[in-house]
Amino acid sequence: MAQAHIQGSPCPLLPPGRMSWPQGALLLLWLFSPPLRAGGGGVAVTSAAGGGSPPATSCPAACSCSNQASRVICTRRELAEVPASIPVNTRYLNLQENSIQVIRTDTFKHLRHLEILQLSKNLVRKIEVGAFNGLPSLNTLELFDNRLTTVPTQAFEYLSKLRELWLRNNPIESIPSYAFNRVPSLRRLDLGELKRLEYISEAAFEGLVNLRYLNLGMCNLKDIPNLTALVRLEELELSGNRLDLIRPGSFQGLTSLRKLWLMHAQVATIERNAFDDLKSLEELNLSHNNLMSLPHDLFTPLHRLERVHLNHNPWHCNCDVLWLSWWLKETVPSNTTCCARCHAPAGLKGRYIGELDQSHFTCYAPVIVEPPTDLNVTEGMAAELKCRTGTSMTSVNWLTPNGTLMTHGSYRVRISVLHDGTLNFTNVTVQDTGQYTCMVTNSAGNTTASATLNVSAVDPVAAGGPGGGGPGGGGGAGGAGGYTYFTTVTVETLETQPGEEAQQPRGTEKEPPGPTTDGAWGGGRPDAAAPASASTTAPAPRSSRPTEKAFTVPITDVTENALKDLDDVMKTTKIIIGCFVAITFMAAVMLVAFYKLRKQHQLHKHHGPTRTVEIINVEDELPAASAVSVAAAAAVAGGAGVGGDSHLALPALERDHLNHHHYVAAAFKAHYGGNPGGGCGAKGPGLNSIHEPLLFKSGSKENVQETQI
């Protein structure tokens, strides 16, 4: 009986009536198996009598398989290489605890359905480029507890569905820029226990926009790396490091973070506003550190914070922790003993912080060490109003002229509160003019100090000029306004602008000055300036203005003399450029003239050597036409002068310049040769005194000149 052969595509089969039971089983297996695709690593099913590749359910000898070979476990088999006969329908492959050292290119290329690959606890020191090619379904890749010294960035190509990557406990020394940008689909990244890690690039985590969990615990970190790119991060593990200080901005951009673990991190100080960026934080673990106190209202911006672990810290219970006791009572009223115990002073040692109240301490309101001062600036400049205290355990807020309360983290377009309490203006406008109040708060109360910010409008005429000043000076600030960015100083002068009216002398009562509007700005002082009152326990100093006017200049070296020097340089440059253009023009004219003269000289030199002169003796009565048409000279017969009516025939005119002398001599001999004695002809003596006319004819083809002598 013929047998049915099924391999990738249907072949002619026997009629159902003649088909045996094994053949029917093979047919059903083919119908319900995945179709073969070109290059896809399909399964070839053959009957017992036919040849072909191993069946799909075959399992490597060193491994154990289950669930129809979809789970292959090859742990603790001392494998030095990845087995080559892993079934193509494998979804879970465990190769842990072997001796594999190198993962070679295309090792798993045929495992298109593989979802979980475990290679941890091997001796892997090298992963070749393309080692994970052909794994479009891979979801989890475990490489922890190996010997990798670098992040195998190139090997992660084409892992479009990778969600989890485990690199924990490898001797990795550095994490370069864009180390994981080839796997933007990552949700969990474990980089814990990298005990030889020395460097993390600022752009190491760029591209991980979908990351939810990051483990950087026990990596000997001294500073928190840049995590700004992890905009969707929800859980961050930083335990087991050496983070002595937590600074403001350490968690910038982590607005989605819900859980932060900082246990056993040797944290001794947390600065004011350090957690302000963690708007979504729900759980914070600060246990087992070296914390003695926390800044006032550190947790106030964390509106979603529900669980805080503060145990096993040497808390010093004084006025600085009193706010924490109140916060714990409000946040976790049912369990105020969950979190921390006092370590000092001795009278409160062992008491829970949540049980403390104000009766245990004698507290005082904070002191402002550096209060804000009045400031005069020009529109468009930067400005700062400082308000500093002697301790970081206080909170600093600002009240603006329109009643808005500014805190650290409550950013506006141009105004923000820095972590040290400074109110920063990046670009002031006239509308910013007014009184600003600094409020410093601790558990005992608050202290306020006020200062006035005067913003002057820019005079377009003054701003457009080099110095930006009007007559009489004092306008240098206008032109230099564009060069000032951060700090300004107030400069006073007793000089009165021409045409300005003298101001009335001030009274003994100090009042803040009005906006600076002198002649340089093209405007006068307003009739009345808004008074600035200070209701503070530590009042801010007020600057008196005994002078006629005040204006601001930048602290940079942009002065009027510097601007004049710049004008001189520009003028000198223009003069040099003009001279260069004039010299170039004169040189061009001289070159053209020289060229023309040289051309004329060459033309004259060309015609000169080609000219020759022929002297022809012609008769006075000889017509011009006859003289030209004479072809040969007539011979003189007999004696000279015989036949006086006969005419003398001229010799033929030759053009040979080389025989010129010969022809002239012949003509002379023909005329005087008939009288050997040198006498005259038959005409008589009168004929001898009359010379025959001579014709000078130039040999040049261009010019012909005739002269009678």
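Keep in mind that glycine also has a Cβ here, set from the backbone N, Cα and C atoms.
A quick note: this is a predicted structure, and the numbers were derived from the prediction, not measured.
Per Swiss-Prot, the feature repeat 'LRR 5' maps to 185-207. Distant neighbours of the repeat 'LRR 5' (185-207): 144, 159-179, 213-221, 225-227, 229-230, 237; these residues of the same chain sit at least 6 beyond its ends, with a Cβ under 8 Å from one of its Cβ atoms.
The repeat 'LRR 7' annotation in Swiss-Prot covers 232-253. Tertiary neighbourhood of the repeat 'LRR 7' (232-253): same-chain residues 192, 209-224, 259-278, 285, 408, 419, selected by CB-CB distance under 8 Å and a gap of 6+ residues from either end.
Residues or ranges marked as N-linked glycosylation site by Swiss-Prot: Asn376 (among others). Its Cβ taken as reference, Asn376 (N-linked glycosylation site) is surrounded by 26 other Cβ atoms within 10 Å in the chains shown. Classification of Asn376 (N-linked glycosylation site) by DSSP places it within a strand.
Taking a C-beta cut-off of under 8 Å and a sequence gap of six or more, Asn402 (N-linked glycosylation site) has these contacts in its own chain: Gly434. DSSP assigns Asn402 (N-linked glycosylation site) to coil in the three-state reduction, outside any helix or strand. The annotation N-linked glycosylation site is assigned in Swiss-Prot to Asn402 (among others).
In three-state terms derived from DSSP, Asn424 (N-linked glycosylation site) belongs to an extended strand segment. Using a 10 Å radius centred on the Cβ of Asn424 (N-linked glycosylation site) and all shown protein chains, the other Cβ atoms total 15. The annotation N-linked glycosylation site is assigned in Swiss-Prot to Asn424 (among others).
If you look up Swiss-Prot, you'll see Asn427 (among others) marked as N-linked glycosylation site, on the strength of sequence analysis. For Asn427 (N-linked glycosylation site), the same-chain residues that are 6 or more apart in sequence and have a Cβ closer than 8 Å to its Cβ are Gly380, Met381, Ala382, Arg414.
If you look up Swiss-Prot, you'll see Asn446 (among others) marked as N-linked glycosylation site. Asn446 (N-linked glycosylation site) has a Cβ environment of 15 other Cβ atoms inside 10 Å.
Taken from Swiss-Prot, the feature region 'Disordered' covers 496-552.
Residues or ranges marked as phosphoserine in Swiss-Prot (evidence: similarity to another entry): Ser689.
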Local backbone state of Asn446 (N-linked glycosylation site), from DSSP in three classes: strand
Report, in whole Å, the straight Cα-to-Cα distance of Asn446 (N-linked glycosylation site) from Asn424 (N-linked glycosylation site). 22
Write down the Cα-Cα distance for Asn446 (N-linked glycosylation site) and Asn376 (N-linked glycosylation site), rounded and given in Å. 27
Secondary structure of the repeat 'LRR 5' (185-207) by DSSP, residue by residue, totals 0 helix, 5 strand, 18 coil
